[in-house]
Amino acid sequence: MEKNSLDYSPLLSPRGDENGSETTASPLVSATKWTLKTLILMIFVLWAAFIFFLPAKPVNELFSKWNDLNRDTPFGVTGSIFLVFTAPILIIAFLAIAHQILTGEDQLHEKKTSKLPRFRLWTFPVFVKGPFGVVSATELIGIVLVLLYVIWALYAYTVRALDFISEFDVPSFRDKSIIMFKVMGLRTGAIGLMCLAFLFIPVSRGSVLLRYIDIPFEHATRYHVWLGHLTMVLFTVHGLLYVIAWAMEGHLVQELIQWKDIGVANLPGVISLLAGLLMWVTSLPGVRTWNFELFFYTHQLYVVFVVFLALHVGDFVFTMAAGGIFFFVLDRFLRFCQSRRTVNVISSRCLPCGTVELVLSKPQSLRYNALSFIFVQVRELSWLQWHPFSVSSSPLDGKNHLAVLIKVLGKWTEKLRQRITDVDAQKDSCVITTSVEGPYGHEVPYHLMYENLILVAGGIGLSPFLAILSDILHRVREGKPCQPRNILLVWAVKKSNELPLLSTIDMESICPSFSNKVNIVIHIYVTRESDPPLEEGYSYKPIKSSFCPMASDCGMSVLVGTGDNFWSGLYVISSTVGFVILLALLYVYYVTPFHIETWWYRGLLYVICMVASVVIFGGSVVAMWHIWEKQNSLKDKSNDTKVDKIHQNGSLATKDQSQDSSIAKSTVIHYGSRPNFKEIYDSISEKWGLVDVGVIVCGPSTLQTSVAEEIRSHSMTRQRHHSIFHFHSHSFDL
């Protein structure tokens, strides 16, 4: 009989070192961290408030006076706008770096959880259907604020435009319409520019900003998509309003091809907008699903979009959105440096269900958690395509390897499986050449913060949960900080040939007699088979596989993702300082003395300074980082010459499942049915009582919707003694 989780104390302390002893930060460190967080919050609120109220006439006039005061300085209006729009986000990044360094790796598990179960805004699904997918209460607040800003800004600018027209004696309705179209075209472009200021931050995969607020790339991608749609709608309206006005004036073509030296250059704007429209159309869900390669290749037009935008508006207007773009350039260069290295494929093998496993070499210093992603490139298949995969191994499985499971779902994955299965004769040599970006993921492994977990997987969505189970069992065995003790795994698959995926983790060998410490129950739903196969179980025929010898100098680089806080911080700081220095030198010794007034040229120089600062100053840090990494690799090689067991035997070792009696008794397979989440939540509420339950779902959008919908429904009708469920999604398709 299962015990209620309220009847006994936590198995392991949530705060502790590797031996389970308590650790507490010193009062000075705690006070410093609190001060940094307060400063970051204050700066962000003031910065966001200024952007929000800028359309108001008093704030706009104050901003104009500020620009006039700085017009005669060596940096001119560009410098004054830089201080208002770009400097705040750079300062926030610096403070976030300091906070990350103070927090350190050893304190990542010190996140406090409330003793009393309660709802949380960021884990409570409000909307589960619609254009935004599953939306939490926190995300809904963000969406409302952004839409409120757009509506408010359009209203404020419209009122000011009407007042402007009324001040002049414009006799004809046609002339008034032309003026109105031009003024509102200008204003919609300004609103779009504010959205653009945030657009690139969510796709800066290893950004210190995302790491500080603990938003992993897979979640942030949603915000990039939402902002991208809004930004392109505004820029499209911006262009259309000008097109209508120029057509009414009778010189549309002349205006479209005009490239002014002083003022806005129209032709670069047309080129930038066309590039943006092409990226936008090919990113729509239907087009992306139909042809992912088309989406991927057209999205590289972001370079054209950004550069020609700078040529279109000049340096001082471009500065308004430069902060977010600069962070994206920082991240992109770091990813470029990391991806140049080829990574050893320790083993590659195919399962009967059409799933491929790759086990990749990694250095001991590389840090990731069980909910991390990596991007993989296979050069024999494509030099340009990078595909994201969730890791299926725990960081505690081995010091020198990392594993991913890849479901064959498209052309690229089909080619990968074909290449692996066609090389039986080359067992002693590497059959594929890979490069890796990442790992990316939550800074804090939140699956360790709940005493009670429900893991809901659909098909290959089981992959991250294999890593979670392995991670928890390793921590229980080794006495490391770990909260989970009640775990329910709900796995829905189409056919029973996918069941061997669960055999990739040998729970009993990881933590003998784990059932005495952690209660793990597994429910498997085989939806397209009404009866079990003749030979029920997890055993399957031997799998063809290939192996490569381990070489410590061919592991993936630690440059990106959850890399070293000191080096990643130094990279950001040096690049930022270099950016400011190059801009200062440019304006003090070239632009101002030589009276460079050409807008598009100054915009081009601005972009060049941005890229050069990252390559020169950031590149120097990356070079030193590589030297440091190489020295660490040599130390690892000298201190630990043993090869992980997985390197010799492979991670998909077949075994007799009957020997693992504890897990076999707690595993139930349902044929011809789907999970009934209402029954599951009601049953869990009665068994576990008033506790916080973390629900993590990884699978198709329909599965995520079903899980979130039942959580919302249960929360609305729950009894006081029932569990409180917290929704977390692990993206199935980036």
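Quick reminder: no glycine exception, Cβ is built from N, Cα and C everywhere.
Annotated features in TrEMBL:
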- 338-446: domain 'FAD-binding FR-type' (DOMAIN)
- 1-25: region 'Disordered' (REGION)
- 34-55: transmembrane segment (TRANSMEM)
- 75-98: transmembrane segment (TRANSMEM)
- 143-162: transmembrane segment (TRANSMEM)
- 183-203: transmembrane segment (TRANSMEM)
- 223-247: transmembrane segment (TRANSMEM)
- 259-281: transmembrane segment (TRANSMEM)
- 301-330: transmembrane segment (TRANSMEM)
- 453-473: transmembrane segment (TRANSMEM)
- 570-591: transmembrane segment (TRANSMEM)
- 603-628: transmembrane segment (TRANSMEM)
Residues sitting near the transmembrane segment (183-203): Cβ under 8 Å, six or more positions beyond its termini, same chain?
51, 54-55, 85, 146, 149-150, 153-154, 157-158, 161, 164, 209-210, 215, 217, 220-224, 227-228, 230-231, 234-235, 237-242, 245, 313, 317, 320-321, 323-325, 327-328
Stretch among 223-247, 259-281, 570-591 sharing the most Cβ pairs under 8 Å with the transmembrane segment (75-98):
570-591
Which one, 223-247, 259-281, 570-591, 603-628, has the most C-beta pairs under 8 Å toward the transmembrane segment (143-162)?
223-247
With Cβ-Cβ distances below 8 Å as the criterion, list the same-chain residues six or more beyond the ends of the transmembrane segment (223-247) that contact it, or say none.
132, 142-143, 146, 150, 178, 181-182, 184-186, 188-189, 191-192, 195-196, 198-200, 202-203, 255-256, 269-270, 273, 276-277, 280, 283
Give the residue counts of the domain 'FAD-binding FR-type' (338-446) per reduced DSSP state, in the order helix, strand, coil.
14 helix, 39 strand, 56 coil
